[in-house]
Amino acid sequence: MQQPFSSLSSSSLSDASKSNHGIGKETLKIILKKLNQQLHHEFFDSATEIGSLMISSCFNTIVGDVNSRNELIEGISPYNTSWSINKCEFCVDNLANTVLVSFKEKYKASSALSEEAEWLQIFVDLLVVYSRALIGNSEVMRAKQYLSQAVTISSYLLDYLSSKTPDDKKKHYYICDILADACLKNNLEDEAEIHLKSIPKEFRSVKNFMKLGDIYMKKDKSKEAVACYQEVLKMDKYAISAVEKLIKLGLPEDKKKNLTDYYKKEEWLAKLVDVKYYAHNNQHEKLMPSLKYLEKSFPNNVGLQLSLADCYDQLSKYNEALDLFKQCYKMDGYTDLKTSTYATLLQTTGHPLELQTLSQRLLTTNKGSAESWLVMGIYYTSRSTLLAVAGGDENTERNKLSFQHNMEMAIRSVDKALELNSAFVLAYLWKGHLLLMNQQYAKAIMVYKQAKTISKDIRIFQGLVKAYLALPQHFQDALNAARIAQKHYNSKNDYKPHILLGSVYTMKEELHDNAQKEFDLALKICQETDNEFGMEEALLGKVELDIKRQQFDSAIKTLQSQNLKQNTDSIQTKLGQIYLYQQRFEDAFQCFHKALSLNRFNEIARQELLKLEEAPAEEEAEEEYDM
């Protein structure tokens with residue numbers, strides 16, 4: 001007659017495993033090592049299948065032949081009717097409860113409980129390795145459920161059956177860490193926070209602090225997030241990602257100095273912090289010297305040179321930017337870093353062949369990246385613009401259909417880029433631009449507002465102001481946005497906010513004097529910094545103001561000033577618009593054609609030319625645009 005389990009000897013689990021044809025303790029330890037090797041080699045399918053078998057074997061060994069079945073399965077789902085009623089049922093949601101109650105029932109009178117507890121530890125280790133294999137196979141929710149059971153059993157082991165050595169604790173907190181990861185992968189930040197906080201501070205790793213900081217940052221708990229990122233830097237001063245997070249949280253200039261002082265023994269690292277800080281805060285004049293220092297210290301580094309090219313672009317030094325971008329992609333024809341910035345520059349400066357080559361290259365090398373999809377969107381935009389300009393009357397309908405198709409493809413491509421990277425500022429800018437092109441101003445405003453929560457890039461404010469001004473009832477919103485931009489960009493070399501505010505003042509006659517002051521300030525800054533493109537922007541702003549005042553001769557005189565290059569598409573477009581006001585249609589026609597010959601992607605010149613071509617016959621010009 002079988003004895004009750006309450007009086008089993010210390011060898012009972014070994015005996016039980018033999019009677020149940022289970023796998024022995026030492027064999028399971030060997031298999032655990034093999035399973036970990038499979039995880040290392042990313043053989044997740046194999047580890048999942050074998051791990052599942054080992055869990056079943058270990059489970060049956062621990063709970064097999066228990067006579068108090070009703071107590072053990074209390075709370076187990078009544079829907080699991082397919083299992084045998086003669087055994088303790090295996091249910092993931094109650095796995096820890098079933099195993100622990102069974103274990104305690106068997107060994108409440110055992111004198112060798114800690115020795116037998118090794119079976120529980122093996123079971124926990126199997127659950128963990130199985131969960132890691134599930135995560136490798138993207139079965140994250142399932143892994144989370146098994147890990148939850150592992151943590152419960154591990155907590156019992158730590159509290160009642162271990163000597164509580166640091167190694168015992170580390171093993172338990174390691175499971176808490178993996179469980180937190182699984183929760184984060186399932187977007188369960190609250191649960192992840194609980195599991196990470198259950199790890200005492202002295203046992204938290206750099207990764208634990210980083211993940212906890214990210215959770216706090218997402219929940220707008222800035223103080224807690226800052227504390228976590230500071231702990232990361234104490235443990236690893238090379239963790240630049242923690243520096244970036246601190247900067248995103250609004251690190252003030254004096255605190256940034258504390259950081260750079262922290263790195264003063266390694267000046268290159270201090271300069272790297274400066275680069276991250278000034279780039280995030282769009283302080284490109286300050287960014288440039290730090291980038292040049294790093295580029296000089298680490299020559300032939302593609303990443304640094306691309307950042308330098310981007311900085312030139314932001315400072316409206318387009319020729320320098322184009323040359324450096326081309327040089328970088330000759331050095332590394334496989335990277336997609338900054339390709340969307342380069343594509344934007346190619347599109348706006350009228351380099352269609354280079355843009356086509358870039359998009360084709362990315363289709364081959366980086367098809368799955370957000371950068372590649374945005375470049376694709378820019379390419380489709382350029383095609384739609386070119387089609388709208390090209391062809392005679394016989395192709396008009398076909399071109400309109402092609403234009404619409406390419407616009408749709410452009411929007412889809414940009415949306416795909418945002419799907420892959422929801423914090424992609426340039427993708428938001430392009431989506432807003434496409435919506436403006438389609439006269440969907442309310443939608444454009446929403447896109448720019450969303451982008452503004454991610455970045456304070458001046459181009460976001462420029463797009464937002466443009467969208468507001470397209471809707472007369474939103475003039476005050478446009479003015480507020482321009483003033484906010486000026487607060488963000490308040491260094492002595494920031495000319496763009498003055499032009500932006502001046503463009504808003506231009507819309508109201510009573511504010512024209514204010515507009516004049518803003519354009520004069522912008523012009524002064526550009527002259528002092530020898531910024532040729534910025535000077536052109538400022539003078540074009542003044543020209544727009546003269547047009548509003550109907551001072552056309554003054555506007556033409558400004559455009560023909562020695563301060564401006566006459567042979568740019570922007571100048572020719574603006575001259576053409578003034579000639580239209582003066583009803584000098586032949587001169588206007590020639591200017592728009594010249595603008596398009598300089599830049600086939602000049603959208604304003606294209607639209608003005610189409611208006612002229614649709615005008616009555618006596619006002620039409622006979623010259624045709626040569627593609």
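Even glycines carry a Cβ here, placed using N, Cα and C.
What TrEMBL records for this protein:
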type     : residues : note
REGION   : 1-21     : region 'Disordered'
COMPBIAS : 1-19     : compositional bias 'Low complexity'
REPEAT   : 206-239  : repeat 'TPR'
REPEAT   : 569-602  : repeat 'TPR'
In this predicted model, the repeat 'TPR' (206-239) has a mean pLDDT of 94
Reduced to three DSSP states, the repeat 'TPR' (206-239) has 27 helix, 0 strand, 7 coil
Grouping DSSP H, G, I as helix and E, B as strand, the residues of the repeat 'TPR' (569-602) number 27 helix, 0 strand, 7 coil
